[in-house]
Amino acid sequence: MKLQYLVALLSVQAVPPVTAGYIHQYALVGSAIRQPIDQKTQREDLNKLVSDSPLLSLHRTICEIESVSNREGAVGEVLLKYLRDRGFTVEKQIVPADRGTNSTAERFNIWAYPKGCPRPKIILTSHIDTVPPHIKYSLHAPDGDFDRAKVRIMGRGTVDAKASVAAQIIAALKHLKSNKDIPLGLLFVVSEEVGGSGMVHFSNSELNTNPPFFHTLIFGEPTDLTLVDGHKGNLRVTIEAKGVAAHSGYPWLGRSAISEILPILARMDELGDIPVETGGLPSSEKYGRTTVNIGTIKGGAADNVVPETASASIAVRLAAGTPEEAEEIIRRAVYDVSGGSTNITVNFPDSMPYPPIDLDVDVEGFDISTVNYGTDIPKLEIHDEELEVKVKRYLYGPGTIFVAHGAEEGITVGDLEKAVEGYSKLIDAAVKRGWPREVVVN
């Protein structure tokens with residue numbers, strides 16, 4: 001045997017399997033060349049990694065079930081059984097289908113608490129619906145040397161917000177295992193992604209007492225494991241224009257609705273960039289500038305017809321002020337551009353617009369951030385006006401909003417596991433703080 005072949009043979013060493021036997025890899029020492037990993041073996045190892053973890057397996061179970069808004073019933077049933085099997089008393093709170101949908105399937109909020117504790121002091125809450133379309137759950141090993149924490153889990157809802165749901169449940173179970181008397185409740189709602197009717201339903205129900213029986217609410221959304229000290233407000237706007245249809249060869253015989261609406265939309269598009277003094281929307285040091293997104297534009301029937309109608313829908317993320325103040329600024333801007341034309345109509349279709357929402361961040365050990373997206377938080381009316389000590393509201397969760405709703409939605413095992421630690425820290429702080437005095441709930 002030639003010497004160089006002997007040296008090469010002796011230099012081949014198997015890299016020991018890492019992290020409890022997951023992912024078999026082999027390398028040539030001193031070489032960048034790696035033998036290809038058998039795909040079937042890799043898939044089996046990744047699935048075993050998930051199956052061996054209560055957190056990861058719960059997350060996989062609920063992410064594999066499609067739960068687009070208004071079709072949350074199947075994942076709800078799975079969670080009901082999971083929580084009952086682990087000693088929770090679980091209640092269904094039936095929520096009617098949202099307006100404008102054709103769904104007749106039952107769907108519901110989930111209200112769960114330890115036996116004998118129907119009015120828990122600490123509530124962890126998130127949502128079980130997702131945006132469409134459903135994207136199949138999948139596991140992906142990291143490039144290079146295997147690192148368990150870097151295994152990536154992808155699919156719809158893996159971040160927003162089933163990562164929070166799974167982490168909250170596991171954190172609650174761990175605390176109740178160590179102390180069954182901790183007053184923990186779980187609330188998982190539907191339709192967060194399409195207006196928040198699930199949380200509104202809970203807010204209007206007899207479970208939301210006056211004064212509240214709870215002193216802490218921990219909301220779960222993708223926050224990159226930071227504790228959020230607030231998020232922007234939200235206001236929806238629709239603008240409609242009426243014209244007169246005519247043959248495009250004789251446009252002077254009609255009036256273009258699109259031509260009427262375009263300068264108004266141009267003005268709307270800049271309202272967040274100009275000072276209030278010159279007719280713009282307000283900004284703040286904490287949240288930055290108010291942003292305006294013209295989300296949809298519709299109009300016309302064909303390219304050879306002068307358009308009779310045109311419309312646009314707009315989302316405004318408020319950095320300061322109230323929705324009422326923003327509505328007045330928008331009405332004034334539309335009036336100024338249109339000259340008060342009766343062919344233009346402005347509406348604000350959201351029944352519950354809200355200003356910027358400030359949140360609590362008084363628990364040590366977290367990085368602090370603000371976010372631009374909306375949540376269910378303002379949809380839950382808290383009746384603590386007469387209380388000296390107000391209900392605490394925290395917003396925290398695993399994953400980044402930057403991939404939520406997209407084709408590449410995904411989260412690492414490490415971030416998901418860290419979220420359990422984060423929720424546990426928030427629970428510990430709430431238990432330590434306790435309730436300063438007895439409150440009689442009617």
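One-based numbering along the chain as shown.
Each residue, glycine too, has its Cβ placed from N, Cα and C.
Feature list (source: Swiss-Prot):
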ACT_SITE  GLU192  active site, proton acceptor
BINDING   ASP160  Zn(2+) 2 binding site
BINDING   ASP160, GLU193  Zn(2+) 1 binding site
CARBOHYD  ASN102  N-linked glycosylation site
CARBOHYD  ASN343  N-linked glycosylation site
SIGNAL    1-20  signal peptide
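Location within the structure of each feature annotated in Swiss-Prot.
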| residue | record | Cβ contacts under 8 Å, 6 or more apart |
| --- | --- | --- |
| ASN102 | N-linked glycosylation site | none |
| ASP160 | Zn(2+) 2 binding site | THR130, VAL131, GLU221, PRO222, GLY399, ILE401, ALA404, HIS405, GLU409 |
| GLU192 | active site, proton acceptor | SER69, HIS127, ASP129, ALA161, GLY198, MET199, THR375, ASP376 |
| GLU193 | Zn(2+) 1 binding site | SER69, HIS127, ASP129, THR130, VAL131 |
| ASN343 | N-linked glycosylation site | ALA241, LYS242, GLY243, ARG255, ALA257, GLU260 |
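Secondary structure at ASN102 (N-linked glycosylation site), as computed by DSSP, is coil.
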